[in-house]
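Data block below; observations after.
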Amino acid sequence: MRALWLAFCDFTPFTRLIMERHRKPILDSTSHTSTVVEPHTAYPYRLNFYDKPPLYEVTLEEFETAALDRLRVLAEIESSAARNRTWEETKKVTETQCKKVLPLNSNTATSTDRHAERRRDHLGHFVLRLAFCRSEDLRRRFVKSETTLFRVRYDTDDTREKDAFLQSRAFNWTLVSAEEKEQYKRQLIAANQHSRDKVDERWLANEPFLKVRWTSVPDLVEKRRVFLKGGYAYVPSKERLSILLEEFQNNLAQALEMTSRSIPNLDEDSRLLPILNNLSHGFIAGVPSEWSGGSGEAAGDEIKADMIDSLAPAHFPLCMRIMHESLRKDRHIKHYGRLNYGVFLKVLGLSIEEALVFWRKSFSKFTDDEFTKRYKYNIRHSFGLEGKRQNYPAKSCQQLLTTDTPEYGCPYRHFSPENLQTALLSSYASQGLTVADLPEIMHHVKEQHYHVACTRVFEITHAKQGVQKGAGIGDGEHVTHPNEYAKRSMELSRPKTEESDKMAVD
Amino acid sequence: MSTDEILPEVFLTYYRRLYPFKSLFNWLNHSHQPSRLFTHREFAFTLPGDIYLRYHSFNDADDLKKEVCKLNPERFEIGPVYNAKPKDKKTMRKTALTPLQRELVFDIDMTDYDPVRLCCAKADICTRCWAFISAAVKVLHRALQEEFGFKHLMWVYSGRRGIHCWISDKDAMELTDGQRKAIVGFLTVIPGSAKGKISVRLGSRALPPSLQDALDTLKDRFMSLIINDQDLFIHKHAWESLLEHIPSSSASELRDIWSKDVAKDSADKWEDIRAQAIKSGKSGSQQRAAMQAAMEDIILQYTYPRLDAEVSKHRNHLLKAPFCIHPKTGRVCVPIDPETIDDFDPEKVPTVQQLLDELDSAASMGGEGEGGRAEHHSDWERTSLKPYVDMLDKFTTGLMNEVRREKRAADTTW
């Protein structure tokens, strides 16, 4: 792990000295979980500017899971931005997601292991720095979503703790003196009229003002919402979040640049690179789904081979519908298509017996003998009944987005825009998707938010069941797994159309 | 001169004998010894036939001059300082060349003023519309100095219908793209679309302090320029768009008056608005304040600087170098003193042909033309280009003094 920490630091002799001093006890230590710092002094606050890298040993598993969970939160933040969610909505969605996978309690919470939470937060952040420092685009996106996460936490933080945190760190501001306030009275009052408070002389007297270089608050400057004089901005303390965010953002951007220059040093550790590569895919392809049904076990009720023709058009996501249609059209589908579609159906609830019936019927241009010889083994293999007997899980969106065989991958990513639009219309027109919806979907595709595009299609085609824009597949979550899409779609149709579904089956 | 094409030989002679390469070098480099500010700086050349060459860089002024004389471009542009020499770009990884520093630049172009001027249109410019530019310079110069604290602002005539501003302060050089965008936002009042109505008020009615100061500068200019000189509101479509700023009840009254009396000139109409404001309510009343705000908005809408935002936002935007020749007008892009900009007359800026004539007559009179090629680098001293080069040199001296002061201050801390 030595190389890892080197990657965070520039190599001035001074830093190196500090690092050596810190590292010594770790290297000498025999215990694997030892930390150099005392739990209580290590993370006195919930908020963290991540100025110091984690200088302690971690297990590979911790390394990966802390990062993955954080990535889930960041991915949700990115999608929120892509979907134009308001700040309040974004905050709510992010908080919910944080509670689930990345809890971070304030000092008043005595029953939780705050140190462990904060250590995990710290570690996850730094692992993701490694994963996302490699390209300009990844860096930009990482900085943006991390800054939003910081803002969410700042917003939800306890006032007293927030103040203590602000005191703990030297920010580049000075307090504006009463004389100076008096001198610029007229301008300070005029520049803050957008405030919700009544801005008058009394307000001015009570509101502390901070003086910073104007470059610390470009957002306020751009909107002319701050008084400028000689290169300094006079920021009322209620707007100090702007200063914080700008500093957070700039520090992180700089640190990422520095990390990217040191990353070649990581090559010597062959354990880390695969993990990091996998993580950086996460932003393109969404986070590996944690959908529990994806584990390889059949979820939901059992499905019969002859139900699939009616289920596919009603409930399958575009990737699987295309697979189904090409199977019906050609009465054949190549190896990876069989594999991807096969495990999808398996997890949907198709038993091995039914699967064999389904594939046998589908491959109608082959004789029984040919079928048994060429395909039966593969099908049984995917159920874990042959060879090394591994019960393969269904492919997640991430896998389909980054597959080597794009013809069986995610159509939103791999299809040309023209083909995708044709496919969308021909597949979903009967479920309420119109030409007018296409520009929005194609916009998400163009921005590379493929899972957002897919989620939007879900919302449009399930509007009849009362799914609203922004609701996603439930609680505003996005599609990260084809099976999740199908399962949710089937759940939605159940109460109302149970009868007719049964009839179709019969 | 005007519309005749300028011959390549004329360009070449100008570059060989007159172009002040040494002064340009000092200005970009902030010191006499070549530094990264010059050696890692991108230059781009425009050759006849729309051939555009990017990512050139040079070791010093002579190196630049040699290449300019070899390529003989119609003009050349200055870009950012990179983390490496731009000419080595081909040998580097694709994304390795990144811009680090760059003067903060602004560009004002007369075409953006077409909706508010009657004297000329498109590329044309006369002394009357120059008043728009000088108003813009006054406002921007004050804002950039007073509000942003910049000291080293150089204004350069673009050769035809606009003006550029180059800010060389260390702080300005190091601004990120995001910060540049923020400055542009701060200084942009007129929305991008030609018809856009300004909206500058904070909260209900307050004018931000920066615009209050701008307004004080622009009030008089609005009267002399828009009302008296351009007489802009004589036509119906012009006064109709003027009325859009005014609260509806007053606007409809004014419309009635003006439709009946088509002969009213802009000064009469402005008086009518003022009368409406006084009629609308007592001093301090809501209606009176709304009319007051409307009149302020109108002044800003018609005279506030109109920036070409894209030029300023990105460090890697290229901008034509000072002292280039405008290929259509033949005029030199000369520096302008913002203090005396009201007296500046674009028609009086020397053209390249005029300068070469001056050289010839100086040579025949003094007989110094035989002095040989070694003398050529200071030939500009014998032409009307001299005051302009002196202006750049003086500007650079101020800049260098500050750089030296800072260096010394940094030294004593050790």
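Glycine too: its Cβ is placed from the backbone N, Cα and C atoms.
Taken from TrEMBL, the feature [4Fe-4S] cluster binding site covers A:Cys319, A:Cys397, A:Cys410, A:Cys454. The compositional bias 'Basic and acidic residues' feature in TrEMBL is assigned to A:475-506. The domain 'DNA primase large subunit C-terminal' annotation in TrEMBL covers A:310-485. Here TrEMBL flags A:469-506 as region 'Disordered'.
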Checklist entry - What three-state class does DSSP give A:Cys410 ([4Fe-4S] cluster binding site)? => result coil
Item to check | Other residues, Cβ within 8 Å of A:Cys319, A:Cys397, A:Cys410, A:Cys454 Cβ centroid ([4Fe-4S] cluster site) | outcome: A:Pro317, A:Leu318, A:Leu400, A:Leu401, A:Gly409, A:Pro411, A:Tyr412, A:Arg413, A:Tyr450, A:His451, A:Val479, A:Pro482
Checklist entry - Which residues of the same chain, at least 6 positions away in sequence, have a Cβ lying under 8 Å from the Cβ of A:Cys454 ([4Fe-4S] cluster binding site)? => result A:Pro317, A:Leu318, A:Cys397, A:Cys410, A:Tyr412, A:His478, A:Val479, A:Tyr485
Checklist entry - Using a 10 Å radius around each Cβ and counting other Cβ atoms from all shown chains, which of the binding-site residues A:Cys319, A:Cys397, A:Cys410 yields the largest count? => result A:Cys397
